[in-house]
Structure formats: structure tokens, C-alpha cells
């Protein structure tokens, strides 16, 4: 389906579409972004860094992308990395090389994006080790994301635009590295080696570093079709997520505007990507978590191990109050429900439809969510039960071909969220996607 020219009633359409994760990440955003990139002129990243990850298959070849948007795999597509990102340039160059072709000719990097150095990764590891000893581990990817955003917020970070003038970059680099080595008592760090690498990056990237704000708005005025790719997901947002067990950037719709420099009236449509069950990596509250055989079944059948870290993901039942909270923040217009096939084989499927206070019995107010760890401990899930199905659904091409119990589960989710579920993932391959044409919103 061409997202820029869809025929769904009561849903806006236009030239700017954002695809955002609606849970704790790992929803399977890569597949839908890959499918929709075919219809876009420009694909963008606006937040995060190499702590995100997609594995995309094109013409039977797999590509692991952590910094580049999925549109890089299409020769007619321009790719943009926005100012809200933190970019480990060595990792970026390795990704560019792995994709091959004349990718650099259609890649644009914001001059306001911040550079993530190896020392940020060292600091990340130091901080996480210290927190582990204190029993306060966050469970970061140790990719240096938090420390880089920290230097940005402290106003001592270095932007990509600085790399265009290498002498100026060298001076700023030395001051930053010396400051961080002193602050974190780092005694050994090969500055000369890193500077030599950055001189090569300066030569290769100086013409690709641009004012992305001007670039984006000029292209929007020329009616270019833009697909915006969110990294991580809503419940990892630095403000709205389960703080402090979150990432360091704005992962919700507000990050689109602050991370690309386009204004809110330009965004026409938001697609929320929702896994048919729930997972999270690392620490933090998880009210529907399954520490049992069912949780292990979902982990193994769904291959729930981190793309970036390879860590096993925690698994649990789908959480409607969470999705209603995320919908409030992001104004989600459509949903892509992923990995429905993983639920095949379960005798019973539970859907969390509310939370009840353990002491008072009071139900959670619609649109609210207990993101604080101490508050989340006061609540317990209220479940609606559904019968499972045994059939292999990976060969289903239409909604009506799904088992009755699978259809009931999908329609219940749609009813609670009052948002059309347009795409349903029924298998790992690109073709394993049902496009649903009728919706249950009453």
C-alpha cells in the first residue's frame, strides 16, 4: 500500500509520514519502513544513534543498519541523518561501506548532529559498571549514547559541522577529550589515532554535511515525499518513558520536529508499530512480564534477542493502557501489528486491558500510565482472555484467511485503541504482511 496515497476514511494523508515504535523498541519497525520507503523520496532519522538496529532483507541479501535509515537500500531514495542524532562516525562509515554503491552521493548529515567519540563508549561502560555495583543498573547498550547526549546538554560536545574545518575540529577535540579523561580518570586514550581517522572522515564527509533544516524545508516545499524513521520507541523516551530506564533522546513525535527542524504542521500521518506481545531489553518496570514457560516460548519462537546487544529480551502480554498512553502523546493514526505468528501454538492469549490498584481496587484512568517504578508496583494487570490458535498463519495473505481466534484478538486490540490496524505481520519475510481493509473502531 502506498502510504502517501492511501484510501482509508477519516485518516489524513500527505507527503510527510512518521513511523514510530509504540512500546519499548524491537517492535519490528524495519519491515514496514522498508516496505514504505519504496514510495518515498527521502527517508530520515531524527534521534538516537547506533543503539538502534534493523535487519533488512533486499533481494535475498541481509543488511544490518544501526545509523542509516532503511531508504538507503533504494537507489532513488535520499537519506538524511538529523540534528537530534548522536553519530559514531566510524560505525557510520562501516555501515556505508557494507551497503556499497554510490550511497554517499545521496546521504545528507546535519551539521548540528553531535559526534559520538570512542571515549563516550568508555564512559558509558564506566558508568554502567558503577551502577551495577550500586544495584542501580539501567541496562544500556554501552554504545556511548547517554554520555554523548550529556556532553551535548553540558554544551561541550562537538557537532558534525565542526568537522568541515579540520583545524578548528582538532582544537575542540583536544579540549573535549582532555576534559573527559580528567573527569573520569581515564589514563590511556589514543588521541592521535582517533584524530588520524577523523582527518579521513573530514575528507570523505565534508561535502555531505549540510544545513538539514534548510534542506528538509526546501524539499517539502517541492512536494517531496518524506518518510521519517523513529529509533527506539515511545516507552524509552527520556521524558515520557519508564524513567530512568529509558534512552537519552526524545523518541516520540516531538523529537521529529526538534530532531529534523521541520515544524509540526508539516507532519501529516503517524504510524505506530506494535508487537502482538510485549518485550523489553534491560531493567525497568514491566507489569505484564511472563517469567514462566510462556515467556520463554515467546522469546525462543520470536527470536527475542537484541539486534544491537544480543541480550535476551524480557517477554510479556500486550498492554492496552500503555498503547493508549502512547497514542495520547503521539496522535497515532494507523497501526502496524507485528509478529502475530509468534502467538500461534498458544492455548490461551491474555490481553491487558487495564490496571487495578492493589490496595484500593481503583482502575487506572484512561491515558495515564504508571511509568515510575515505585508507582508501577502499586498496580496489577486486568486481563481479557482469548483462545489461541494452532495454525501456521505465515501463508495468509488476507485478513479473512486468518484463524477466527486470531481475528478476534486483532479486532479487540483495534476496538480498545480506536485506531485502524492496517498492517499485520504474519512471518519474518517482507511478503508476510497482511494489509487489512476494514476496521473495528466502535
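Glycine is no exception: its Cβ is also placed from the backbone N, Cα and C atoms.
Swiss-Prot lists 26 with the feature active site, proton acceptor, giving sequence analysis as the kind of evidence. According to Swiss-Prot, the feature active site, proton donor maps to 54. Here Swiss-Prot flags 25-31, 53-55, 62, 307, 313, 339-341, 425-427 as GTP binding site, drawing on sequence analysis. The feature IMP binding site is assigned by Swiss-Prot to 26, 27, 28, 29, 51, 52, 53, 54, 141, 155, 232, 247, 311, with sequence analysis given as support. The feature substrate binding site is assigned by Swiss-Prot to 307, 308, 309, 310, 311, 312, 313, with sequence analysis given as support.
Residue 313 (GTP binding site) sits 14 Å from residue 232 (IMP binding site), taking the CA atoms of both as reference points. Per-site Cβ counts within 10 Å over the binding-site residues 25, 312 peak at 25.
When the alpha carbons of residue 341 (GTP binding site) and residue 26 (active site, proton acceptor) are compared, the span between them is 16 angstrom.
The Cβ of residue 28 (GTP binding site) has 20 other Cβ atoms within 10 Å, all protein chains considered. Within the group of recorded positions (26, 341), the Cβ with the highest number of other Cβ atoms inside 10 Å belongs to 26. Residue density at residue 51 (IMP binding site): 29 other Cβ atoms are found within 10 A of its Cβ, drawing on all protein chains shown.
In this structure, residue 31 (GTP binding site) is part of a helix by DSSP.
Within 10 Å of its Cβ, the residue among the binding-site residues 141, 232 with the fewest other Cβ atoms is 141. Cβ crowding, taken as the number of other Cβ atoms within 10 Å, peaks at 31 among the recorded positions 31, 54, 310.
Take 26, 27, 28, 29, 51, 52, 53, 54, 141, 155, 232, 247, 311, the residues named in the record as contacts for IMP: the widest Cα to Cα gap among them comes to 35 Å.
In terms of local Cβ density within 10 Å, 313 ranks first among the binding-site residues 311, 313.
Secondary structure from DSSP puts residue 25 (GTP binding site) in coil.
Cα-Cα distances to residue 427 (GTP binding site) place none of the recorded positions 26, 51, 54, 311 within 10 Å. For residue 141 (IMP binding site), the nearest neighbour among the listed recorded positions (26, 31, 310), judged by C-alpha distance, is 310.
Residue 53 (IMP binding site) is surrounded by 18 other CB atoms, counting those within 10 A of its CB over all protein chains shown.
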